[in-house]
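Feature annotations, courtesy of TrEMBL:
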type: REGION; residues: 15-92; note: region 'Disordered'
type: COMPBIAS; residues: 53-63; note: compositional bias 'Polar residues'
type: TRANSMEM; residues: 99-124; note: transmembrane segment
type: DOMAIN; residues: 102-582; note: domain 'Major facilitator superfamily (MFS) profile'
type: TRANSMEM; residues: 136-155; note: transmembrane segment
type: TRANSMEM; residues: 167-186; note: transmembrane segment
type: TRANSMEM; residues: 192-213; note: transmembrane segment
type: TRANSMEM; residues: 225-243; note: transmembrane segment
type: TRANSMEM; residues: 255-277; note: transmembrane segment
type: TRANSMEM; residues: 289-309; note: transmembrane segment
type: TRANSMEM; residues: 315-335; note: transmembrane segment
type: TRANSMEM; residues: 356-377; note: transmembrane segment
type: TRANSMEM; residues: 422-441; note: transmembrane segment
type: TRANSMEM; residues: 447-470; note: transmembrane segment
type: TRANSMEM; residues: 560-578; note: transmembrane segment
Amino acid sequence: MEGAVLSARAWQQLRGPAGRRLPRRRHLTARFNAHGAEPTHPAARSATDLGSPASSYRRSPSDTLAAPPQPPVRGESTGPGQPAAHSGEAPAPHSRRQIVLVFTGLIFAVLISALDQTIVATALPTIVGDLQGLDHLSWVITAYLLTSTIGLPIYGKLGDLLGRKNIFVFAIVVFLIGSALSGQAHSMAELIAYRALQGVGGGGLIIGAQAIIGDVVSARQRGRYMGLIGAAFGLASVSGPLLGGYLTEYWSWRWVFYINLPLGAIALAVIITSLHLPARTGQRPPLDYPGAALLALTSSALVMLTSWGGTTFPWTSPQILGLGVLAAVGVAVFIPVELRAAEPILPLRLFGNRNFLVCTLVGLSVGLAMFGSISYLPTFLQMVNGASATVSGLMMLPMTAGLLLTSIGTGQLISRTGKYKIYPVLGAAVMIVGLLLLSRISNTTPYWFTALGMFVLGLGIGALMQNLVLIVQNSVPAQDMGTGVSSANYFRQMGGSLGIAVYGSFFIKRLNDQVADAPAQASGVLRNGVNSISPAELKMLPEPVQDFIARAFGDALPPIFLLGIPALGAGLILTLFIQQIPLSETPRLAAGAEARTGRP
C-alpha cells in the first residue's frame with residue numbers, strides 16, 4: 001500500500017499542476033511520435049501503450065492479478081491521435097492459458113472470414129439457378145467485397161478509439177446476422193443486400209484479430225500467432241471449395257452461409273468470456289464522419305471500377321471513366337479533410353513512419369500480383385486440365401503446403417531470433433520465381449510442374465504476407481495499432497482488386513485472339529464469347545471443340561502470370577528499406593501494468 005501511495009505521489013509530481021505536463025515529458029512523447037516505434041523497456045513504453053498519459057485502466061472482475069488504484073487525473077483531455085481515456089485500474093496481463101483460449105476464439109473468427117471468400121464461389125452456379133439471377137451473379141461477390149473493404153479502416157480506427165473488444169464482438173454479431181439472413185434469401189436482391197450486411201461485419205474480423213494479438217502478446221511472440229493466422233487462410237483456401245461443394249451437393253447451398261453460425265458462436269463465446277481489455281470511459285473523442293464518408297465513397301468507386309472494368313463495361317465506357325473521376329476527386333478532397341480532422345480515420349502522419357509506408361506499398365504491389373494469380377489458377381486447372389471445382393481445390397494443395405510451411409516456420413523463427421527483415425525480402429523473391437514457373441505451364445505440361453510452381457508461390461506468400469502485418473504492429477505507436485493494421489490490409493485489398501481487373505482484361509484479350517480463327521464446329525458454341533463457357537458446359541461439347549477450347553485457355557492464360565512480376569520486383573526493392581526494430585518481450589497490457597504498479 002505504501003508503494004502504491006508513493007507511486008501515486010510520484011505520478012502527480014511528474015505531471016505537475018492539473019492540465020499541464022512538464023517539458024521533459026512532452027519531449028519524450030514527441031520523440032516517440034517522431035520515430036513511431038515501440039520502445040522496448042516496459043516503463044518507457046507505458047505511456048504510449050496505454051494510449052494517453054492520462055489514461056487509467058479498469059480491470060475486469062474475472063482478471064486474477066490486481067493493480068493498486070491510481071488517483072484520478074483532472075484537467076487533461078484526450079488530444080488528437082489518442083484514444084478515449086480508460087477507467088479504473090490497469091488490467092492484469094493475460095496468462096498463457098488465457099492467451100491460448102483468446103487465440104482460439106480469434107482463429108475461429110478469422111476462419112469464418114477466410115472461408116467466406118472461397119466457399120460461396122463454389123455454390124454460386126447453384127444459387128443463381130435457384131434464385132433465377134444469372135445477370136446479378138457478380139454482385140453476390142461485389143456486395144461483400146465493397147462493404148468489407150470500406151469497413152477495414154473504419155473498424156481499425158474505432159477499435160483504437162472506443163476499445164477493441166466491443167468493436168470486435170459487434171463485427172462478429174453483424175457477420176453472423178448477415179450469414180443467417182443470406183441463408184434465408186428468396187431472391188437475388190435479398191441475397192445481395194444480406195451479403196452487403198455480412199461484409200459490414202466481415203471487414204472487422206481479420207483486422208480485429210490482428211490488433212488484439214498486438215495487445216495481448218509481446219512483439220517477440222507475435223510471429224508465432226501471426227503465422228498461425230496465415231495458416232488458417234491457407235487451410236480455408238483449400239477447405240472452402242471442398243466444403244462448399246459438399247454442402248451444395250448433399251445439403252443445400254444455404255448451408256454455405258449457415259456453416260458460419262456455429263463457428264462464429266464459438267468465437268463469440270470465447271472472446272466475450274476470455275478476452276479482458278481495458279474499458280474506455282471519460283470524454284469520447286470526436287469521430288471523423290466526413291473522412292469516413294469520403295473514404296467510403298472513394299473505396300466504392302475504386303472497387304466498382306475494378307470489378308466492372310473490362311467485364312460488365314468496357315474500360316473506356318462512360319460508367320468506368322465516371323467512376324475513375326469520382327475516385328480521383330474523392331482522394332483529392334479526402335487528404336485536406338484528414339489533415340484538419342482531430343481524429344482522422346486514416347492519420348496521414350502514419351505515412352511518415354518508414355516501416356508503415358514501406359509495408360503499405362509492398363502490400364499494395366504484392367496484393368496486385370498475388371490475388372490476380374490465385375484467382376486464375378482454378379480456371380486453368382478446370383478448363384485446361386479438366387478438373388472439377390472440388391478436384392481443382394485438391395490440386396492446389398501444393399500452394400497451401402508451401403504457405404503453411406513458411407507462414408508457421410518464419411513465425412517461429414522470428415519469435416526465437418527477434419529478426420524479421422529478411423523474410424519479406426525472401427518472400428518477394430520466391431514469389432517471383434513461382435510466377436516465372438507458372439508462366440511456363442500449358443495444356444501439355446505435366447501436373448508435377450504446375451504443382452511445383454504453386455508450391456514455390458505458396459512459399460513466398462507465407463514468408464511475406466503475415467510478416468508485413470507483424471512489422472506494422474511493431475512499428476506504429478500503440479494508439480494507432482488498429483488503424484495501422486487495418487490500413488495495411490486495406491491497401492493490400494485494393495491492390496488485389498486492381499490485380500484481378502488487370503489480369504482479367506489481359507486474359508480476355510488473349511483468349512479472344514486465340515479463338516479468332518475457331519473452326520466452323522466451334523463457331524456456334526463461341527457465339528456468346530468463350531469466357532462465358534463454364535467447365536461443366538465444356539465437358540458436354542464434342543471432343544474436337546473441347547480440345548480446341550482447352551488449347552486456347554492453355555495458351556492464353558499462363559502468360560498473365562508475368563504481369564505480376566514488375567509489381568513484385570518493385571515490392572522486392574521496397575522490402576530492402578524495412579527497418580529492423582527490436583521486438584519487445586513484454587505484452588502491451590503487461591507493460592502498462594508494470595509501469596502503473598511499479599513492479600514486474
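Glycine residues also receive a Cβ, built from the backbone N, Cα and C atoms like all the rest.
TrEMBL does not curate its annotations; it predicts them automatically.
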Top Cβ-contact partner of the transmembrane segment (560-578) among 99-124, 136-155, 167-186, 255-277, 356-377 (pairs under 8 Å):
356-377
For the domain 'Major facilitator superfamily (MFS) profile' (102-582), what is the mean per-residue pLDDT, to the nearest integer?
86
State the non-local partners of the transmembrane segment (422-441) in its own chain: residues 6+ outside its ends, Cβ under 8 Å from one of its Cβ atoms.
359, 362, 366, 369-370, 373, 377, 380, 406, 410, 413-414, 449-450, 452-465, 467-468, 471, 554, 558-559, 561-562, 564-565, 568-569, 571-572, 575-576, 578
What residues in the same chain, six or more past the boundaries of the transmembrane segment (99-124), come closer than 8 Å to it by Cβ-Cβ distance?
137, 140-141, 144, 168, 172, 175, 179, 198, 202, 205-206, 208-209, 212-213, 216-217, 225, 228-229, 232-233, 235-237, 239-241, 243-245, 247-248, 253, 256-257, 259-260, 263-264, 266-271, 274-275, 389-390
Sequence-remote contacts (6 or more beyond its ends) of the transmembrane segment (289-309), Cβ cut-off under 8 Å?
138, 142, 145-146, 149-150, 153-154, 315, 319-320, 323-324, 326-327, 330-331, 333-334, 337-338, 341, 344-346, 494, 497-498, 500-501, 505
So which residues does the transmembrane segment (136-155) touch in its own chain, when a touch means Cβ under 8 Å and the partner is 6 or more beyond its ends?
116, 120-121, 124, 127-128, 167, 171, 188-189, 191-193, 195-200, 202-204, 207-208, 292, 295-296, 299-300, 303-304, 307, 311-312, 345-346, 482-483, 486-487, 489-490, 493-494, 497
Below 8 Å between Cβ atoms, which of the listed ranges 167-186, 315-335, 356-377, 447-470 makes the most pairs with the transmembrane segment (255-277)?
167-186
